[in-house]
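Here is the structure we will look at.
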């Protein structure tokens, strides 16, 4: 498995853009695309996982593990007392859990477990972060960098600290790879913190639906109008692929053929 690294503690807009490009290239199925938008592989691809190593201020690191076919974050690891410490969401079970353990920390003799005692749903992460909505958790490179330091190598931290880090990391890594719109919001606000707007939250919740609509489009026309949201929360009706294409980074896997260009 290839590890994609990103140093949030020492970065530029271009370096973040390169990180996004590398992540999309590692994740996508090279033989699949609809209307020029790359698509993720189905779940039987040979390489099933991706590792993303994030570095924060003062060289602290956290490695996220993503499921390649949908970019879900399954858990993360950090160096702790000379060992590799792994943290896995509690909705990852059975053989998959063992796979995550072994992928995050390959040496069974020098690893520690600190399980995430909740699941990876946004509603759960919001509850643990003690917010009503993730729109209340600010995103930004500085926040990502300092959040890494609050967890990496620390003997203890609260669920609140961890859930806030996960909300930031999931959106700035996985969601930004899925949606160029989110990547562009990070770039536009690069030297400041920002709250995710209504369009960000709405895209995040509708990625599967949007992917299917694009896949099923005929000559660029969606099978039916897609009702989404603008940044200010007003209704955004999408009728054609080219209206939403600039916002897309990767499509979720959809079975069957589509128009490739």
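Here the Cβ of each residue, glycine as well, is placed from N, Cα and C on the backbone.
Remember, predicted model here, so these are calculated numbers, not experimental data.
The N-linked glycosylation site entry in Swiss-Prot, when matched to the candidates 42, 255, corresponds to 255. Each residue in 66, 70, 71, 72, 170, 173, 174, 175 lies on the same chain as 73, 120, 178 and has a C-beta within 8 Å of the C-beta centroid of that substrate site, without being one of the site residues.
Proximity of residue 10 (N-linked glycosylation site) to non-local residues of its own chain (separation of 6 or more, Cβ distance below 8 Å) is seen for 55, given in sequence order. Summarising the environment of residue 84 (disulfide bond), the number of other Cβ atoms within 10 Å of its Cβ, over all protein chains shown, is 17. Sequence-distant contacts (6 or more apart, same chain, Cβ under 8 Å) of residue 72 (active site) comprise 66, 120, 174.
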